[in-house]
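Asks: The following block contains the structure, expressed as structure tokens.
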Amino acid sequence: MKVAVLGAAGGIGQALALLLKTQLPSGSELSLYDIAPVTPGVAVDLSHIPTAVKIKGFSGEDATPALEGADVVLISAGVARKPGMDRSDLFNVNAGIVKNLVQQVAKNCPKACIGIITNPVNTTVAIAAEVLKKAGVYDKNKLFGVTTLDIIRSNTFVAELKGKQPGEVEVPVIGGHSGVTILPLLSQVPGVSFTEQEVADLTKRIQNAGTEVVEAKAGGGSATLSMGQAAARFGLSLVRALQGEQGVVECAYVEGDGQYARFFSQPLLLGKNGVEERKSIGTLSAFEQNALEGMLDTLKKDIALGKEFVNK
């Protein structure tokens with residue numbers, strides 16, 4: 001199994017690469033790519049860690065050598081948020097980066113599963129889909145927006161509030177991956193109940209958690225380490241499912257049946273070909289139903305922006 005990380009010299013990319021080097025199954029290959037000249041050195045650094053995962057790093061304009069034969073491609077390349085910026089302020093720079101890299105994926109490993117980490121995910125996934133379509137290689141079961149950070153944050157905050165072990169809590173999060181489009185389904189967490197105020201406060205904290213980190217880092221960066229962990233969790237789940245493990249479920253932002261929006265984050269059963277089944281979002285509370293209806297305009301606009309970017 002070969003996994004490629006594009007944007008591997010950045011804060012998320014390095015954290016992700018470290019976790020994959022230590023946790024991918026023995027015999028896996030890991031290839032790192034970034035425009036930055038330091039990238040081969042990041043691979044050499046990681047190569048000294050004693051795990052049976054072969055690693056190589058590539059830099060420059062051409063990602064081809066990193067992509068050849070890749071089964072999974074995780075894209076974290078782009079600029080990070082600064083204080084006062086919304087994820088959508090990143091759009092102008094990151095849209096071009098994602099378009100370029102996905103064109104290279106389409107050419108070199110068209111059958112790979114692609115996980116988009118680069119923000120704004122609501123829009124960059126739509127860009128990737130249009131690029132893959134134009135190249136004639138789009139498979140909606142193999143393109144994912146990685147929203148796992150919303151899930152791990154939800155798990156952490158709920159566990160803290162309710163005195164649970166974080167590993168025992170799993171909160172489904174649906175919708176998109178910024179602001180009001182992030183909707184944790186707190187009513188579906190087994191064995192835990194919340195007051196209306198707790199639901200309102202937790203939902204807001206989960207939606208604004210990225211800003212919490214940006215402000216705490218005081219201009220020195222955004223959520224890179226927790227995002228690296230989230231991306232690793234998603235990437236490793238995908239690898240396990242591709243290798244035939246049964247019952248692997250993760251939430252991610254994918255093209256579905258369009259019931260809510262063309263792209264929508266929901267629980268997915270993963271399998272040998274990517275998405276095996278888009279699972280139902282279940283019964284929502286009145287608060288969640290309201291929040292869902294209230295986000296759809298924003299989500300649809302974000303998606304339209306991506307489509308327009310590629311077709312302009």
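Any Cβ shown, glycine's included, is placed from N, Cα and C.
Pasting the relevant annotations from Swiss-Prot:
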BINDING   Gly7, Ala8, Ala9, Gly10, Gly11, Ile12, Gly13, Asp34, Asn94, Ile117, Thr118, Asn119, Met227  NAD(+) binding site
BINDING   Arg81, Arg87, Asn119, Arg153  substrate binding site
ACT_SITE  His177  active site, proton acceptor
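Surface or core, plus neighbours and distances: that's what I need for these features.
Replies: Counting every protein chain shown, 29 other Cβ atoms lie within 10 Å of the Cβ of Thr118 (NAD(+) binding site).
Cβ neighbour count for Arg81 (substrate binding site) (all protein chains, 10 Å cutoff from its Cβ): 20.
DSSP assigns His177 (active site, proton acceptor) to coil, not to a helix or a strand.
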Asks: Give the distance between the Cα atoms of Gly7 (NAD(+) binding site) and Asn119 (substrate binding site), rounded to the nearest whole Å.
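Replies: Here the two Cα atoms lie 13 Å apart.
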Asks: Could you tally the C-beta atoms, other than its own, that fall within 10 angstroms of the C-beta of Ala9 (NAD(+) binding site)?
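Replies: Excluding its own Cβ, the number within 10 Å is 24.
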